[in-house]
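A short worksheet on the structure shown next.
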Amino acid sequence: MSKKRVHELGKQLKEQGIELSNQELVEKLHALGYLEVKSHSSSLEDDQAHAAYEKILAERKPKPAPARPSGPGFVVRKRAHVEPPTVTAPAAPPSPEPEYAEPQYAEPQAEQAYEPEPQAAQPEAGAEPAAAPEPPAEAAPLAAQAAPSPGAEAAAPAAPQAQPAQPAAPAAPPAPTAQPSAPPPAAAQPRPPQPSAPSRPPPPGYRPAPPPGARPPVSAAPGAPGQPGAAGQPPRPPVDPRTLRPTSTQAVVISRPLVPVRRVTPPTSARQQFPVAPGPRALGEVRELKVVPGSLGREREFIDVSRDKRRGRQPGRPISEEQAKSLSGKELLQAAISDRAYIPIRGKKKKPTKKGAKTQITEKAEHKKVIRIEESISVSELSQVMGVKASDLIRKLMQMGKMVTINAQIDADTAATLALEHGYTVEKKGFEVEEFIPEVEVDESKLVIRPPVVTVMGHVDHGKTSLLDAIRQADVAAGEAGGITQHIGAYSVNTPQGPITFLDTPGHEAFTAMRQRGAQVTDLVVLVVAADDGVMPQTVESIKAAKAAGVTILVAINKVDKPQAAPERVMQQLTEYELVAEQWGGTTIMLPVSARTKQGIPELLEYIALQSEVLELKANPDKLAAGRVIEAKLEKGRGPVATVLVEEGTLRVGDALVTGVHFGRVRAMMNERGEQVDNVGPGYPVEVLGLSGVPVAGDEFDVVEDEKAAKEVAQHRATKQRQKELGGVKKATLEDLFAKAKTSAQKVLNLVVKADVQGSSEAVSQALEKAATKKVGVKILESAVGAITKSDVLTAAAGNAVIVGFNTKPETEIENIASQQGVKILMFGIIYEAVDRIREEMAGLLEPIIKEKPLGKAEVRQVFNIPRVGQIAGSAVTEGVVKRAGHVRVVRDRKVVFTGKIGSLKRVKDDVREVAQGFECGIGVDGFSDVKQGDVLEVYELEEIRQSLD
């Protein structure tokens, strides 16, 4: 159902003559029960608006507006008394004549009550008679004054009868503005009105009218000529009006309104006759006047339009060019003034002033009171949408037990609670990722066998990379720092059983996330356990990660060629973690292998192929590619480089790719041997170039239709991630306040971590954060991939941080900038070396413990005052040794009166560093000159002891 605004309702009422201001209309609607209306822009349903319109119209019935005039203005005529001409005619019986009532000029209804003259019966083409409005209530007294005699009232009903035409009269066309003539005497027949043009020559027998003083008086008594009571009297002789002279002109304006000007003159074709009371006077010259505005627009003037009528120009219409040529300048001016008769005259509109101006109360529409958010919204954004001060929202949140700032993110439920108090509702809007990344149904006919993905996991130094080197017939382990793997590597190996994709994961405890990612994307897990070392912590962690991912575990007991190898002991230890060998009746395959002698490697590959057949690994290569990011890094000259594993579809160069908050178009792809490839099928790893940033290892990637769709998905994920990071608002508890106060007193080491790959950056950051203790904390200001840049140095300088570089080095220029800024750069290639060095930096932040170490005592025997030197205490060393660099306490009567440092130490006249027990010396105390005989000087030194982190 449609709606109507309040100001539209006001316009509709104004058309009916009811003028209400916006505020008055709002108050009126409130009085009628429409309390939801707040201002002129508020909306009402159509049925409500119609009901309110009818109620207001019923309460304030406007007076009927007078009819719109069809003519140019009022018509005011002048009348002259004429004597009927003497006409010799044969005697004839008098015929009944119509009776006339007194004319009522102000009554539009009088026009409707009488028939027009015969010559006006044929109107002009296209002219329509104007409908007369209803007579106003005040017309009755006027009619009573116009017809005071009872006879006139009795003659009124006979007025509507039509006047008979006079056949003997000449057929002269009447003027366009000819008006109804007065009724003839009782003995005369009605005649058509005479034209008022004075230019015609007088007929023969013309004689001037007698002067006004010689005219007999008109009697108003009943029975006098022209009165209703004279119906039975003999008629007076007719008088030719052309023989009479017109009297003085008298203009009468009947019921002229002020503004707007209303004209009641009907068109010429529809003009009606107005009967007048019979009397001795007849119509003479007729002048037509029109009411027009004055020259200044503040008054009214009467303009004679009779001459315009005689010249064939209709009043109130603009003159043509031909007519303008025949008029003088004065006549043109008068015509221009007369054309302004229809211009409404209004007073000057007053400019609105600020003083006294009422404030319009506006309110948003209901459909605008809906706030749509996704996961969260900031306090500032919510305040702007609702038009509420942010401080009020923060105060309300504090009352709810939530400590927030103006830029803090609040969840949708909290926002809904705040919005409900201000009349708003909150709706969660979702971003449908399925619109860009649709799910494709599996078509069994298009599935093909893909290579198995095998992840090699285990403890550090148990030979995982060496085992892969033996399978690939390569030597990757020799090139790794410290002989340990610190990156996750992906290799595709062609074996007699078919292609197999291997993922090599680090075994160090810091690379837990890498091992978990490897377990998530794999089909099989080869758990490598050293036969001489047994099950270790990272071995147990790898077992848990594989079981959590729900993948099959195949155990390879490595280093069986060593003399101290004990495979049986390893198998026994694995049973504690529900891994029972097939030889012992279990379901887990356990093979003894040796990476050095390549013992058991063919059997391992055969078991991998057998397990892949059991799992029925298939994929559809015809669909859009999808998979996971295994590793990512930032290389100079190449930009962001991501190592991805294609799980479904085929990845091609030029595809639009989106992963996490990054997107791009595949510019190039390279396999593990550095060879460029154009497409990669499911089950194979590849390096991808062309992303907008370094993605997070472990994120999924998808190929979409175009780069625009990829950008939209990435931007949505970035916004959602930011809202999630800022949206964590927790209730403030007393425990949190105590913990915060305790943390504020804790020393914190700020770090900026830069690594060669994203996985190493993540692992190093986690390892360094775990090194924090109760005394010293570790805060990672920034963790990124790539070389150390000037921006990293400036960030570290601003945060008083140390830069940790892992497998990356800064340029010489960057080292100079760091030296100028006082920033320390530490570079490492092995992760445990980085952890040990950072612990030393953390210990350096702790203030050392000051410990007092006694040296000796001396007794003052004599005091010497030496000019320009000061007071010297001649003392004898009674205990230990007195050193010149030591501290001293002056003890008098077992009370310490001063604590300071020894300023000078002499023996006889020589300065000495120390004086042993049993010798005398002179001791000068800095800042103290009140040494007395008998005082004891206790000498000691302060020793700093470095605190431990534990």
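The count begins at 1 with the first shown residue.
Cβ atoms are placed via backbone N, Cα and C, with glycine included.
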From 13-17, 293-297, 483-487, 698-702, the residue range that Swiss-Prot assigns the feature region 'G2':
483-487
May I ask for the residues of the chain that lie six or more residues beyond the region 'G4' (558-561) and have a Cβ under 8 Å from a Cβ within it?
462-463, 466-467, 528-533, 567, 592-597, 599-600
Helix, strand or coil at K464 (GTP binding site) [DSSP, three-state]:
helix
DSSP three-state call for V560 (GTP binding site): helix, strand or coil?
coil
Among the binding-site residues K464, T505, V560, whose Cβ has the fewest other Cβ atoms within 10 Å?
V560
Taking the region 'G3' (504-507) alone, what is its mean pLDDT?
66
For a quick check of packing: other C-beta atoms within 10 Å of the C-beta of G458 (GTP binding site), how many?
28
